[in-house]
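For reference, the structure discussed in these notes is given below.
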Amino acid sequence: MDAVSLQTGTRTPAPTQSFRDGPGLAPPEWLPESVPVFFYRLVIAVALVVFAYYLSQMVRQVLGRRIARRFKRPSVSRTILRSLQMFIVVGAVLTALSFFGLGFGNIALSVGVFSAVVGIILAPIIGNLISGVFVLSEQPYEIGDMIELGDTQTKGFVEDITLIYTKVFTLDNTFIVLPNGTMRSRDVINYSAEDTRVRLTLDVGVTYESDISVARKQMEAAARSIDGVIKGGPDIRIGSARYPASPTCYIGEFGESEVSLKLRYWANEPYKQTTVRSKVLTEVWDRFDDHDIEIPYPHRHMVFDDTSGELQMSMHQASEAAISRPGGATTRAAETENETAEESSPEVGSADGSAGTEERNASEREGERETDSDATDSP
């Protein structure tokens, strides 16, 4: 209700709260009345967020080396630096929202309701986030390690590890981004977890007529002559077992037509396995050729009898040539009918055959006499 002045008897309005004095960031006194308060708050909020972003970059540069020396794992140090950057930027965004009258309590309530609504949608992301924590804690691989995916046999180097995904740079010069949830559920072979040396196996079969001892020596010498293969030295320890560092050839088994030889050798660099293996195979082939060592392979000998193969082909071609000549179709058809008639006629004895022959001879003689008589009657 309006207040009434006792002296003047006039009605004065009650004081009202100005928008400039409302909740949120209050504008300074020097700000002209013509400038909207919302515009002023928006400019201050944007400037705060931009400043926070550059501050996070500066923190990354200043603390990056210290954190890397402290944890000695690139994946963990990068995750900590990213968390610090995110904390600074998110804090600045929440502060900027408070300039418009949105308190932290209201924001937290809104975030809680929103999270409850989209919780099902974000379930895979949350699962990858949890898997990322396990990947960072269990350390199955590290940035810079060479790994192989067991199901696809894809090899590459780990480029980056985050809480959500793992980025792999393959040997085919491509990037693969793999969610951490799938990385924990698949077989991953790490070639450079502790030792970059990798053992390779080469199986070759030789004939029983070959000298097995010479073949084994030549295979070992072939591997030692290749760059990238460990020539010798102390035994290489894997767990509680020790293996010879120099190339060694063993007899695998005795097959039906070959003696299986198994060559085992160590390569210094795991990402050159294909190149080293190809060079070893080429050298083994050349040495086997020089020492008359034969590698068995299946032989095939094709035989054609009189009723198949080339004979049938020539008969078919001859038939086609006869049909293609003028009048050949009629002649061929007549011959076919005669052959069919002969084949379909019943078998007869020798007596019937002789009688048929005599009848044919008699008919021929009669034909000759008729011809002679015609010639005599003619003038």
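Heads up, residue numbers simply count up from 1 along the chain you see.
Just so you know, glycine gets a Cβ as well, placed from its N, Cα and C.
Annotated features, as they stand in TrEMBL:
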{"type": "COMPBIAS", "residues": "1-19", "note": "compositional bias 'Polar residues'"}
{"type": "COMPBIAS", "residues": "336-345", "note": "compositional bias 'Acidic residues'"}
{"type": "COMPBIAS", "residues": "357-372", "note": "compositional bias 'Basic and acidic residues'"}
{"type": "DOMAIN", "residues": "125-192", "note": "domain 'Mechanosensitive ion channel MscS'"}
{"type": "DOMAIN", "residues": "201-295", "note": "domain 'Mechanosensitive ion channel MscS C-terminal'"}
{"type": "REGION", "residues": "1-21", "note": "region 'Disordered'"}
{"type": "REGION", "residues": "314-379", "note": "region 'Disordered'"}
{"type": "TRANSMEM", "residues": "38-59", "note": "transmembrane segment"}
{"type": "TRANSMEM", "residues": "80-101", "note": "transmembrane segment"}
{"type": "TRANSMEM", "residues": "107-136", "note": "transmembrane segment"}
Across the domain 'Mechanosensitive ion channel MscS C-terminal' (201-295), average pLDDT on the 0 to 100 scale: 91
DSSP tally for the domain 'Mechanosensitive ion channel MscS' (125-192), helix/strand/coil in that order, comes to 19 helix, 26 strand, 23 coil
